[in-house]
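Colleague: I have a structure here, written as structure tokens, and I will follow up with some questions on it.
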Amino acid sequence: MSSPSATAPTDWAISIQRFGLYPQETWFCLATFLFVVGLFQWGSILHSKLVKRCRPNKASDEESTSSSARPPKRLSLARLPLAAVNVYRVVAFRWTLEFGSYVINMAEVFVTLAYIVLLLTWTFINTTDLEGNKFAVSYWSNRAGMLAASQFPLVTALGTKNNIVSLITGITYEKLNYVHRVTARSCFGLLLIHAGSEIYNYNYFQSALQEAWLRLGMTAVTALGILCIVSLRVIRTQAYEVFFYTHFVAVLIFLSGAYFHTKANHGSVWVWPSFIVWALDRFIRLVRLVVSNHLYFGFTRRSGSLHATTELLCEDFVRVRLHRPPHFHWSPGQSAYIIMPSVSTLPFEAHPFSISSIDSSLFHRHGDNNSENSDGPTAAYWKELVFLVNVRGGFTKRLKEVAARNETIKVFVDGPYGSSPDLGAYDTSVLIAGKVAGC
């Protein structure tokens, strides 16, 4: 019979067990949150569809009746869920916090704080060793690094255009891009905790610098730090191309270094899925690019091209017009990535712009063919794909020089992305239109 000391758990064994368990528990919390958000989002969409279908069609004379002639609406318990949803939307998306020129809504504040609290809680919870020392370094030092590594697939997915998070929650990638930056910076904070504790508390760190796994880990942390700096809004807006190229190279260095750094501790299982997520997004985008621009590739007997005309409307805006590609359909409010090999620094460099025209197929869906057949001065806006480009620097500055000469250029289109606001559940909608300043 073995003695109690032989079977008693050690600090090392306990820390190793939690080292692998807590990242899984963190993912369980995140999956539960995404599931709840998905239920809410898709439930809201379903409710809007049902309301639109059940609402009786009103004649034009009934719609023009003044509100004073209508009987006042009574309080209905059936409308309380919709009222609660509207209150939530007002609080979550209209209440904002301002930090200088930076504005975030309450939903973003909640997601940011909740995510940081989740990671820090699972990093420092249950870190009292068997001798009673609280926050023992041996418990949370490596755990912080492993928790950060476990989030890499999520960070990667949130930064892609076609990801499972959007599919589950119904939230478009543009809105998830803020969460992408929050998760990346939070992981960087955990890696600093991991690296700082290793440097400060362990004497073997200096000798271990000669080993490749440690150097690769430090390289990965440095690359992520550079990513966090260039992703600041002031850099993204003023030097987008610097951000774009740095982001691409630094992500590759970061994930490669992280994979080989964690491989010895079986942590690479959290890293390699990031490559699959990124590759899947690129494959989907490539397929969409080929489908939208198939006339270039000769897959059909029809011949054609997607050459675009450029026009300088004023000093700050360029209009890009091209014939609507076959199989390319969009809704108001959506955007697309356009690739202009003759203007871009790299041949397949893509830039996102909002679509400023109406898809002609919308007229067929609503049984209105007269508008599409019109040859008036605005006919191009439903027969063509139109972009209004705000001139800044880099790519848009070079495009302005092309537009000043009214040149025709070759364009590839990738999209559409985003979604249109669904106003079907509302009795009244107020639309406010403006104009481009200076044009």
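Keep in mind that glycine also has a Cβ here, set from the backbone N, Cα and C atoms.
Heads up, here are the entries from TrEMBL:
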DOMAIN    299-423  domain 'FAD-binding FR-type'
TRANSMEM  27-46  transmembrane segment
TRANSMEM  103-125  transmembrane segment
TRANSMEM  212-235  transmembrane segment
TRANSMEM  242-261  transmembrane segment
TRANSMEM  267-284  transmembrane segment
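Tell me what's around each of these sites.
Modeller: Mean per-residue pLDDT, taken over the domain 'FAD-binding FR-type' (299-423), amounts to 76.
Nonlocal intrachain contacts for the transmembrane segment (27-46), taken as residues 6+ away from its ends with a CB within less than 8 angstroms of a stretch CB, comprise 85, 114, 118, 150, 154, 165, 168-171, 422, 425.
Tertiary neighbourhood of the transmembrane segment (103-125): same-chain residues 22-23, 25-26, 29-30, 33, 91-97, 135, 140, 143-144, 147-148, 151, 178-179, 182-183, 186, 189-190, 193, selected by CB-CB distance under 8 Å and a gap of 6+ residues from either end.
A Cβ distance under 8 Å defines the sequence-distant neighbours of the transmembrane segment (212-235), meaning residues of its chain 6+ beyond its ends; these are 102, 181, 184-185, 187-188, 191-192, 195, 205, 242-243, 246-247, 250-251, 253-258, 260-264.
Same-chain neighbours of the transmembrane segment (242-261): 149, 152, 156, 212-214, 216-217, 219-220, 223-224, 226-227, 230-231, 235-236, 268, 271-272, 274-275, 349, counting only residues six or more beyond its ends whose CB sits under 8 Å from a CB of the stretch.
If you look at the transmembrane segment (267-284), the same-chain residues 6 or more away from its ends with a CB under 8 A from one of its CBs are 23, 145-146, 149-153, 155-157, 160-163, 255, 258-260.
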